[in-house]
Amino acid sequence: MAEETEARVLVLYTGGTIGMLKTEKGGYAPHPGFLASNLRSQARFHDPASTSVFANSSSVRAFAQWSASRSDSGASTPALAPLPAEDDLRRVRYVVWEYEHLIDSSEIEPADWIRIAEDIERNYTAWDGFLVLHGTDTLAFTASALSFLLEDLGKTVILTGAQIPLSQLFTDATDNLLASLAIAGHYSIPEVVLVFDNAAYRGNRTIKASSEDFHAFQSANLPALATVGIDIEVAWPQVLRPGPRPFHAHKQLCSDVGASLSSPFSLPSVRGVVLESYGAGNAPKRPELLAAFREATERGVVIVNVTQCAKGAVAAIYATGRALAAAGVVPGADMTTECALAKLSYLLSKPDLSPAQVRALIAQPLRGELT
């Protein structure tokens, strides 16, 4: 563990737009080594000896002393050690661990989520916080999956990415990276957190809402855990508290789970279905449809009802919603589709849980994923 004056953050770079370069064909693709090299070239990200003007700009006195040391000595680095920081924040040191195969996030698979969880577990005791750099298309899916795989988490795990690569002049990557490193290094938020556009959200509450705007993610049913402005403001009453048990990474997910728009999965191999219903949890009340839900439930399939709406929750206030519940469909409250899929895959991977027990746990908040 790092000394109190210093925080250590392990950065897992899995791929995504944030580290891409323009190809000869005009598109973008990840390139090995580029991200770390780019960060190393910027004083705000890499200044191990605190010798840059950026590191000595915290006050007039700091800059004057830095400037005088350079002009007096003629050296390329100041003769005097830099002044200590004037605030109470620890210095953040980090290492970028670049995955050998950088992937487009649209190709992410459950095996990749398990690999990330295992890498965090292997390095858990050596680092104060973790940052996962990832493509934005499935960032909310990965955040939801990790929130369940990382059991009894006691440290901050942040996921972020960018809409525009770090290689471009105008990019959101710089702010997203700086905010993520600052939060991971300075604050103990023992959750899987998604940081984007100056806000930190509970990861399993997020959805990707825009493919064009810097404000690409939203958490409609839970306010941000932290906001980044002049200061970083943390909503501490909303932050989950770590439990008494030691951290452990669960290393299995059930692959026999899928999502459906108001129709059941009838394949024999399916064990779980996330039903994306209308409004407050409604679906057509056709007898053959309800019979199919009932038959699947009796076969042991766990069906979770979530709303297609970004804001709101499933509530059996209409006859159609009550008919689904009567057919054995479990209300998913205000869980997102991304979260419901991850939670269902996680619970069904536990061999000691029966379908009835999984249905009961679906309705209970395990990681702050539902209200």
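Positions of Cβ are set from backbone N, Cα and C atoms, glycine also.
Annotation source TrEMBL lists active site at T17 (among others). Look at T17 (active site): DSSP puts it in a helix.
The active site annotation in TrEMBL covers T136 (among others). Annotation note: T136 (active site) sits in a coil segment as assigned by DSSP.
The annotation substrate binding site is assigned in TrEMBL to S105, T136, D137.
Mean pLDDT for the domain 'L-asparaginase N-terminal' (8-238) in this predicted model: 88. The domain 'L-asparaginase N-terminal' annotation in TrEMBL covers 8-238.
Residues or ranges marked as domain 'Asparaginase/glutaminase C-terminal' by TrEMBL: 269-361.
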(message) Could you give me three numbers for the domain 'Asparaginase/glutaminase C-terminal' (269-361), the DSSP helix, strand and coil residue counts?
(response) 39 helix, 16 strand, 38 coil
(message) Please report the Cα separation of S105 (substrate binding site) and T17 (active site) in Å, rounded to an integer.
(response) 9
(message) If I take the alpha carbons of D137 (substrate binding site) and T17 (active site), what is the distance between them in whole Å?
(response) 10
(message) Using a Cβ cut-off under 8 Å and a sequence separation of 6 or more, which residues in the same chain sit near T17 (active site)?
(response) Y28, G135, T136, G161, A162, Q163, I164, P165
(request) For T136 (active site), just count the other CB atoms lying within 10 A of its CB, please. (result) 24
(request) Determine which residues of the same chain, besides S105, T136, D137, have their CB within 8 A of the center of the CB atoms at the recorded substrate site, and list them by sequence. (result) G16, T17, D104, S106, H134, G135, T138, L139, G161, K208
